[in-house]
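For reference, the structure is listed below as structure tokens.
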Amino acid sequence: MAFFLPYHLQIQFVEDKQEFSRFPTKTGRRSLSRSISQSSTDSYGSAASYTDSSDDETSPRDKTQLNSKGTSDFCVKNIKQAEFGRREIEIAEQDMSALISLRKRAQGEKPLAGAKIVGCTHITAQTAVLIETLVALGAQCRWTACNIYSTQNEVAAALSEIGVAVFAWKGESEDDFWWCIDKCVNMEGWQPNMILDDGGDLTHWVYKKYPNVFKKIRGIVEESVTGVHRLYQLSKAGKLCVPAMNVNDSVTKQKFDNLYCCRESILDGLKRTTDVMFGGKQVVVCGYGEVGKGCTAALKAMGSIVYVTEIDPICALQACMDGFRVVKLNEVIRQVDVIITCTGNKNVVTRDQLDRMKNGSIVCNMGHSNTEIDVASLRTPELTWERVRSQVDHVIWPDGKRVILLAEGRLLNLSCSTVPTFVLSITATTQALALIELYNAPEGRYKQDVYLLPKKMDEYVASLHLPTFDAHLTELSDEQAKYLGLNKNGPFKPNYYRYKHASKIP
């Protein structure tokens, strides 16, 4: 089905036919259901333990704060940090020129005028550039965090200062997490008509808690493996009553954000939390998808001895051809120094395996949800938890063995460090275009299903980022285009084309 985006981009969407089983739910403190295996906040300890003791320990929920305009429709750590957050956002803008370019091109048209977007993502300086772009294009936004440790408090304050209703702070408890989501959705006189989600918690909350609101949503944009999985589950069960776009499986997300972002940020997260030297260390990376490929490439380049675990023979063969030994975790559990999970699954590292790890070993997760490491099994009387520094815990066994657990098994890079701005610009631009398309699509264009992003949109997003490198594309001649059977303006690859990864670093 052909249609036009702003800037006359004719593209075609392809429905994804994948099917997944229905996910389980449980009842929380406020009697509201959510996914157990894929929740981004399952916690068995106090989130407050990760709050710097020098900070004000009063919960933001117990404070009354006003921004300079006199409004209080937000809940952040400290609104007085807004000026510092603004400086962080300005730095991010410098490396997100493509998103700024999109903002300038579409600002006059206001393609999101009337859109009421509720978002649940990591709240960082880079996300703030996206949110402010959506506002510039005409949208009203209310925002919360998809991870209780990834919020940059000063950035949340800066957004609240300009009138964006933000409900998030670093170190939320689980109850705070769901309270913040509810405050974003449940606003008298304001009803969302678009959802931008990262992990599916917001979508699931609206679906369960506010079914009448959910039915009136015009579109959902989801960027994570976990969230997309949950959307397909709803679709298979016949319960997805709104169209949704799968940003996670777009080329610009998979091949850039998942791969290149993780390739750089894995080292940053480990260094900031543990000061570990990678040369000679034995590391096992669980999962060889794009995230795993990025992690292994970085570790190998630093001189680590890297093992890979995989369930997929194709990914396993890729790992072998890239020079990694593919093993079962039990085969190397007693000798490895670091375990990194990046599968999107649950209980990838079990209590039995944690019991057999050697003293001083490090365990962390690079997947969206905190389900990959069985942290719950470590909350037992015979084990002692000792805080080392922010988001770093020693778990101590009766014989004195210590295992270093990072961020309680949550996403390492965004919980413990930062991520490359430029790569996030690629994902954010894709999200913005997906929101514009879903919001402006005429009735009937999209059914109640999950749609993949078109190749043409991926190519457009990539083209916006090429000027940063002063890159110049070669143009096809009429004869060449005819020979290849292509339009001179693209798309240049069929939808089934699989872009190869570049996991090796010279």
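Cβ coordinates come from backbone N, Cα and C, glycine included.
Residues annotated as region 'Disordered' in TrEMBL: 24-69.
The compositional bias 'Low complexity' annotation in TrEMBL covers 33-43.
The substrate binding site annotation in TrEMBL covers Thr124, Asp198, Glu223, Lys253, Asp257.
Here TrEMBL flags 258-419 as domain 'S-adenosyl-L-homocysteine hydrolase NAD binding'.
For Lys293 (NAD(+) binding site), the count of additional Cβ atoms within 10 Å of its Cβ stands at 29 [all protein chains shown]. Per TrEMBL, NAD(+) binding site is recorded for Gly289, Glu290, Val291, Gly292, Lys293, Gly294, Glu310, Asn413.
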Neighbouring C-beta atoms (10 Å sphere around the C-beta of Val291 (NAD(+) binding site)): 28
Length of the line joining the Cα atoms of Lys293 (NAD(+) binding site) and Glu223 (substrate binding site), in Å: 19
Cβ neighbours of Glu310 (NAD(+) binding site) where a neighbour is any other Cβ within 10 Å: 23
Binding-site residues listed as Thr124, Asn413, least Cβ neighbours within 10 Å: Thr124
Using Cα positions only, nearest of the binding-site residues to Val291 (NAD(+) binding site) (Thr124, Glu223, Asp257): Asp257
